[in-house]
């Protein structure tokens, strides 16, 4: 017979917060345990209750702030603390960015044994209404009056009860209640678990995941919402290949512009694109400035997606090669190059975790390389990248630990210097750390 799990004590207890974790939780010590406290900041005294407790580590949440820290602010969103979409709204935006910068530098030190020669100024933008890509949870809850649409609760798998979301682009963030009513009126309100949000500059799309067939009346209802909202509506009964258009009131592809580089990039609802258009524009500008591509040079863009960096690079370089593992994005990159009239760029599909020197794209050497890998990093391809001879590498990262690991490899094994690094606040009010680093060969160009 298994051991019974001990019940957590329900009584609040008072503690002093001494630090802040990488995830934005307060750190304290209580009952001979390291305690991570949701909603607490360094220097505060708070009353908290346990949410999880193990032998040496425990978690808790704040029920009362006894003495607040100077950087504490009132959360903008009334759902903060319950909704799991944000974790840092109680912290000033400036301090949020400082936290992310410190996380990056700590990871460089601990994971890579390196430090940048120069810290880049953080890229920041509008803190609200920035999010263009999201996966919204949906739950039919008759006892709460219908269908809930939003993010899941911080401390449970339930969907948070929310009427709006201020971090979402208002084209969707102001329509959560409307979306709930829409689904409630379908014949299968309990069989629609998710809505995928994909927004471009002027157009947008919602993909309704349906686990049972929609009736003709359901499709008419969804089409009516599309006409009223101006957003294209899709249904998806199975995997991504089953996605089918219900109605597009605009009849234009999803796309976004990079005005500083004279390109527009089209995409489909299921494609990967950056969630924050303002930061994405600043990120592309900074990456190209740091690469410092000169006329006549060849550039390699690894993990290139649909051409977010590739096409702007093609405006400056003699030749650009983009390599991506997802074939759908490779095709999108080619389409985008054609639409933008760029004939000096080639896209290849390849699994970059199995990079080998005999790849058709890995020929001729490159003057510059841009890396934009997933959270798992680019470790497997670094040896090949170094062998291709680029004097400068710009690495765009969504995982500070893997960036730091890869930085250590480039510096200690392959003879590069980490000349600069800094953060980009792609996800304000969350603990997500996006960053950029520049590597230079010891021989100056």
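Every residue gets a Cβ built from N, Cα and C, even glycine.
Remember, predicted model here, so these are calculated numbers, not experimental data.
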Subject >> Further binder of S-adenosyl-L-methionine named by Swiss-Prot next to 274, 303, 308, 351, 372, taken from the candidates 324, 327, 331 >> reply: 324
Original post:
For residue 372 (S-adenosyl-L-methionine binding site), what residues in its own chain, 6 or more apart in sequence, show a Cβ-Cβ distance under 8 Å?
Top reply: 301, 302, 303, 304, 305, 308, 309, 395, 396
Subject >> Spatial neighbours, same chain, of residue 86 ([4Fe-4S] cluster binding site) - Cβ under 8 Å, 6+ residues apart >> reply: 77, 80, 167, 429, 430
Original post:
Of the recorded positions listed here (83, 165, 398), which is spatially closest to residue 351 (S-adenosyl-L-methionine binding site) when Cα positions are compared?
Top reply: 398
Original post:
In angstrom units, rounded to an integer, how far apart are the Cα atoms of residue 274 (S-adenosyl-L-methionine binding site) and residue 83 ([4Fe-4S] cluster binding site)?
Top reply: 22
Original post:
Mind checking how the domain 'TRAM' (6-64) divides into helix, strand and coil residues in DSSP?
Top reply: 0 helix, 34 strand, 25 coil
Subject >> Local confidence of the domain 'TRAM' (6-64) - pLDDT mean >> reply: 92
